[in-house]
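Inspection log for the structure reproduced underneath, given as structure tokens.
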Amino acid sequence: MEFVVSLFAFVVSCFILLKVAKNSKNPKRNTNLELPPGPKQLPIIGNLHQLGGGLAHHVLRNLGKQYGPLMHLKIGELSTIVVSSTEIAKEVFKTHDIHFSNRPSHILVFKIVSYDYKDIVLSQYGKYWRELRKVCNLELLSPNRVQSFRSIREDAVLNMMKSISSNDGKVVNLSEMILSLIYGITARAAFGVWSKKHEEFIRLESEIQRLATTFVLADMFPSIKFLGALSGLRYKVEKVHKKVDDILEGILKEHRRQNNNMTEENGKKDLVDVLLNIQKNGDMETPFTDQHIKAIIFDMFSAGTLTSTIAVDWAMAEMMKNPSVLKRAQDEVRNVYNGIGNVDESKLDELKYLQAVIKETLRIHPGTPIVHRETREECEINGYRIPAKARVMVNAWAISRDPNYWPEPDIFKPERFLGSEVDFKGTHFEYIPFGAGRRICPGISYAIANVQLPLAQLLYHFEWKLPGGMKPEELDMTEILGTAAQRKENLLLIPNSHSCSSLKQV
């Protein structure tokens, strides 16, 4: 906190004249409508000092209770709108969706790693994004494409089960194993193979994730261009990203070489192959260079792995904390796959209670607790003026714990989803773990596929205990926020093979 305060003091002392001069040149806006209510602002830093008292989604929920579900903050020089209710979320994601269809720009780390916003997640709304969204829906992340990776998932999950089985009765770090599993599945889906080179890529991607959690003053004051270089962060990110780029460049060259000797019949397509074919065939009307391809592949790892990893980890932790939920989920999986000895994807649709466990996990622990947008133009919501180019933070975490929609919202209760029509596809605005509207996450099917099978296998093959005689209520569920909301501590558990498991014979 002292570091942040000192930086604020630096900003106040060095740039106050610049800010005054800049603001004096701004044209007057339409003042017929007021901005949404919000706390008082300090000169220069605005409300930035009020966001340092805990996790952002917790702090914003508490502020929303004071100032309402539609709130205005000034974060540095950024006009910021905070949404904390189902009703306002519907206004943002449905009624005024086109006005809120941009992603925040001028974010130092993301600008570098996305090759200047050439990816899916961060590209600005327009023709390129619409074409890219179509490619995602029809090619990259279509149900057929996700299904084509079934054998990759089944092989990878089975190998993890064997590894756990070899440590029967011993403490295993399940969090690390899940992370390695999801990264491995994504690497094989994207690149076709798994190698030491890809392990280095994943290590570098994790380092970028760490750097992305750094407090960046330049992001709060984008008009002051040299702040990014001042902290040294730009140099660190560019150095790591150069190594990432070298690896991706090598992967593209290798795929091009292999594709010259490959016919449709003698090899399956991975995601790099799909993107190279789109480029080669000129399927995009907008420019589609190697940088665009590399940005999209990086998206798959940065966005595609964390959501699934965190969901599996939280689900197992919640079941360990709630033994009755664990037993019911295990009984269901073992009944559906009775006599088979292993779990594949053929009957996952029959696991209704496990699906409810996953939905409840995403409700109480959304991987992305705050959904970020940026307004394309000024609009009006509930009689308030929403400025153009404003940052928008939709607090999905607070919305999914609203007692007006969720009885006993802080209790983990999968039964609430049994027989319920509420799902995570963006049409129920009280439940938006993947966002909603036209910028909803395009990889929902891919993410859920990587959650269901690992959980089903873990429940089927093993009985689970907490180490050291720990009681369920003693399990640490402390949350930390990096680029996603995850558990602070790794999940350490003791597996014991169940009699129904055939792992010893596999």
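Each residue, glycine too, has its Cβ placed from N, Cα and C.
Given the structure is predicted, the values throughout are model-derived calculations rather than measurements.
Here is what Swiss-Prot records for this protein:
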type: BINDING; residues: Cys441; note: heme binding site
type: CARBOHYD; residues: Asn173; note: N-linked glycosylation site
type: CARBOHYD; residues: Asn261; note: N-linked glycosylation site
type: TRANSMEM; residues: 1-21; note: transmembrane segment
In whole Å, how far is Asn173 (N-linked glycosylation site) from Cys441 (heme binding site) when you measure between their Cα atoms? 29
Give me the non-local Cβ neighbours of Asn173 (N-linked glycosylation site): same chain, 6+ apart in sequence, Cβ-Cβ under 8 Å, ordered along the sequence. Asn490, Leu491, Leu492
Asn173 (N-linked glycosylation site): secondary structure state under DSSP, collapsed to three categories: strand
